[in-house]
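Step one of this worksheet: look at the structure below.
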Amino acid sequence: MNSAIRRLAVAAIVLMLALMANSTYLQAFRANEINGRNDNNRVRDSQFSVNRGPILIGSTPVAQSKESDDRFKYQRTYANGMVYAPVTGFYSYLFGRGGIELTMNAELNGSDPSMAFRRIIDVISNRPQQGGSVTLTLNAAAQQAAYNGLAGKTGAVVAIEPKTGRILAMASRPSYDPNQLASHDTEKVGAAWKSLNADKNKPLSNRAVQELYPPGSTFKLVTAAAALSSGKYTPETKVASPAELPLPQTTVPLVNEDGKNCGGSNNATLTIALRYSCNTAFGTVGMALGADALNEQAAKFGFGAKPLTELPAVATSQFPGDPNEPQTAQSAIGQFDVRATPLQMAMVAAGIANKGEVMKPYLVQNVKTPDLKTVSETKPESLHQAVTPQVAAQLTAMMVDVVNNGTGRPGRISGVQVAGKTGTAQTSRERPPFAWFTAFAPADDPKVAVAVLIEDANIPRNDIAGGTLAAPIAKKVMEAVLGQ
Amino acid sequence: MSIASTSVIQIIPRTRRGVELLLLVIAIAVSVAAYVNIGVTVQNAVPASTGYYAAGIGLLALIAHLALRYRAPYADPVLLPCAVLLNGLGVAMIHRIDLGLAIVAEARGKVPKGPAAPQQITWTAVGVVLFLVVILVIRDHRRLQALTYTAGLAGLLLLVLPLIPGLGVNLNGARIWIRLAGMSFQPGEFAKICLVVFFAGYLVVKRDVLTLAGHRFLGLDLPRARDLGPIGIAWVVSLGVLVFESDLGSSLLFFGLFLFLLYVSTERAGWLIIGGLLFAGGAFFAYTTFGHVHRRVTDWLDPWAIDGGQVKLGLMGQSWGGILGRGLGQGHPEATLYAQSDMIISSFAEELGLTGLIAILLVYTLIIERGLRTALGCRDIFGKLIATGLAMSFALQVFVIVGGVTGLIPLTGLATPFMALGGTSLVANWAIIALLLRISDQARRPQTPAAPVSDDTIAMAVQKA
């Protein structure tokens, strides 16, 4: 009998050990994951009583916590909130976080492992926990120019420093005021959240990175890059460019925007074809190169991979999976199922500007502790050599021609040589086409690459063209960066 | 079976009441310190009720201690301090959550509910009274053997009580409560004690039949088919609890209890295998057939899917506690549903961390192992079986409820012994401790009547030498 009792005694200890092991796994190993959940009210409550670090541009805070005398110790406030909302995101008691507030939460509230030492010191010296600061790469003047340029429109602007990948501007409109969501008046916050979500213009969406659009003619840069890289083409190579290009396997031909042939020629050079953005010429090139070559070139510019990890819900730009010949021709001009974010098209321009090397875009310049010790500093990182420096130079010359002599004229800046490409993308007859412009300047020593997308400009459809709508905004943003 | 062949008999008969008193002082000091700590962090002052709390817990513990000195001088010295510590910490945590809930209610502009801690102290007093009754009235546990079938009937009755319409209430998905005179009771807690007495008394008589006859199969001694009757009945009853009261915990507890005692009395592992298979089969049948059982399992597999689910909130609290805890009064245990009752272990894990949780589990382990130690030392089979049954019921109950709260197994409505808010469970647990102490007194008492040697006389002897 006693041996059976002894065995039960061992069994009881095994049961208790199982409980301890399970709790150890939960509280020691899974805790970080569970604490990071957006629906974790406990963590949110305690974080609301932490002096959260600021989000800075240079040394100017665009988001900071100020002492508050209501039920929480601090109130998050956003200076110029509408302008920076797509990047900073919001910090709400009821609805979690967005943008940098979400992705850099651990650094901002000081709970990141990189600040563990500092936290221990705080505990020992009985100081309250204080969060670190996050400095953005944004350029205040460029960001403001981008935001102002989009006034009254639905669209997005992204500007990148080509040599590093630093994002200088990222604007999206319609925007929202994050102060509304950060308020401690939960009723008002609830109402604001409801109306923002109900708004069909999706003000909470950061169109620069979270939405995908057909890139239209701006994608011809990728097709041109693939053509020049193949070795079978030079900028002077002539390709078939009739007013209407009959496509195999279908009765629907590919047509040029204006219904005419390419700048008066049925056999235009690549440079001329880009200058007038001739669909038939690039359709011909696309079919000759094949979908695989286009896909490969697109991937080298960043298609098919998430370009940015510092914002939530960043969309991945796509080249269609296995298009047939007419679909390949459509894809070569950025139609069919080609989809890109404005950030992606800015990366194409930036890659060409940076001698063919695409840099990984980033928004966070550095993270510092409250006593201004640098915790981390983002280093520029190369993604791909998308094209050779020679091909990049050829593409640059072609884009300069677009701005000087072609559809991109509204993007010219006096005294500075701009290289660019316009785009107009159709989706359906019911909704207005998307207007694009992507460019960089100065052409010989690029300091900024930019992509502008206008989704809906509230003007009659026949007026929409990348050149007239989008290029002036790109121009303002580039001027802001170049200090003009 | 020869008791003399085991090492258990080598106990030097000493009362150890002095050790018990010292441990009690420590247990009370820890509890009062926790209470004061909570007041200082939450209200920035030593709470005015500290005196009431300290006097209440201290006095009750002292009375229980004196009763042991008087009527069970050789009783185990560790059990009572463990129980007092768990009870005291439980009241402190209930008080802490009272404060937290009051703050939340105030912030929402509502009138806070009355505090639950004073109520729990009152129930502690009732529990200690029952403790005294057991110690003072039951002078010899063997007299309980005469009540074998009465206890069995009472246990069964208590078990089905919540099923009576108008009396039983469905709380939190399980029907294991009854409502009488405006108060809720969990009769299963007392059914447990009755059934242990019944199983023990029954098995003392039947163990020979169950042990001897049988045949070997795959190296296991299997019982005869006709002897399977009792285990069959126990199985049906426990499945009935699972299906009609939808409580996996109680079901597992009663069937497990029966199996363990069957195993101890016959020493045949075959019973465990048969019983385990039966239970697994029955539980699987219930899982596939009954929606409420199924839901418990899916809640367990993915606690995150339910918005505001108590397991989810509890797991978040435990994670928030981490290794060292937020500190008493510095977490948000009140944010978890049923933080004072079902989920109280989660509240401790949040504020005292993994460290505190493991300490509490070790105290539970001590009670279990001291109970089994009592069973080992006990000189009669009936007493052995009762001590084993009570200790193992404690082990199963702690495993089932703590396992449920920490996400190891599906959550059930069993009470966390001594800690959870709730009178029935608290009072029943005091009765269990009293029974274990009564048996241990007999087990540790010198066989030939001798004058008890107190620690003081030993100390004097040492001094003289």
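Each Cβ is built from the backbone N, Cα and C atoms, and glycine gets one as well.
Listed in TrEMBL:
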- B:21-40: transmembrane segment (TRANSMEM)
- B:52-70: transmembrane segment (TRANSMEM)
- B:77-97: transmembrane segment (TRANSMEM)
- B:117-138: transmembrane segment (TRANSMEM)
- B:150-169: transmembrane segment (TRANSMEM)
- B:189-205: transmembrane segment (TRANSMEM)
- B:225-242: transmembrane segment (TRANSMEM)
- B:248-264: transmembrane segment (TRANSMEM)
- B:271-290: transmembrane segment (TRANSMEM)
- B:352-369: transmembrane segment (TRANSMEM)
- B:381-409: transmembrane segment (TRANSMEM)
- B:415-437: transmembrane segment (TRANSMEM)
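With respect to Cβ pairs under 8 Å, the transmembrane segment (B:21-40) is most closely packed against B:77-97, considering the stretches B:77-97, B:150-169, B:271-290, B:415-437.
The transmembrane segment (B:117-138) makes contact with the transmembrane segment (B:52-70): 3 or more of their CB pairs lie within 8 A, with pairs spaced 6 or more apart in sequence. Counting C-beta pairs under 8 angstroms (sequence separation of 6 or more), the transmembrane segment (B:415-437) fails to reach the transmembrane segment (B:248-264), with fewer than 3 such pairs. Counting Cβ pairs under 8 Å to the transmembrane segment (B:77-97), the stretch among B:52-70, B:189-205, B:248-264, B:352-369, B:381-409 with the most such contacts is B:52-70.
Between the transmembrane segment (B:352-369) and the listed ranges B:52-70, B:189-205, B:381-409, the one holding the most Cβ pairs under 8 Å is B:381-409.
Within the chain carrying the transmembrane segment (B:381-409), a Cβ under 8 angstroms from the stretch's Cβ atoms is held by residues 141-142, 144-145, 192-193, 196-197, 199-201, 203-204, 207, 248-249, 252-253, 256-257, 260-261, 264-265, 300, 303, 311, 314-315, 318, 342-343, 345-346, 349, 361, 364, 367-372, 374-375, 415-417, 420, 432, 435-436, 439-440, 442-443, all 6 or more beyond its ends. Note on the transmembrane segment (B:248-264): residues 159, 174, 176, 188, 191-192, 195-196, 199-200, 203, 210, 230-231, 234-235, 237-239, 241-242, 271-272, 275-276, 279, 283, 293, 296, 375, 384-385, 388-389, 392-393, 396-397, 400-401, 404, 410, 412-414 of its chain, located 6 or more positions outside it, place their CB under 8 angstroms from a CB of the stretch.
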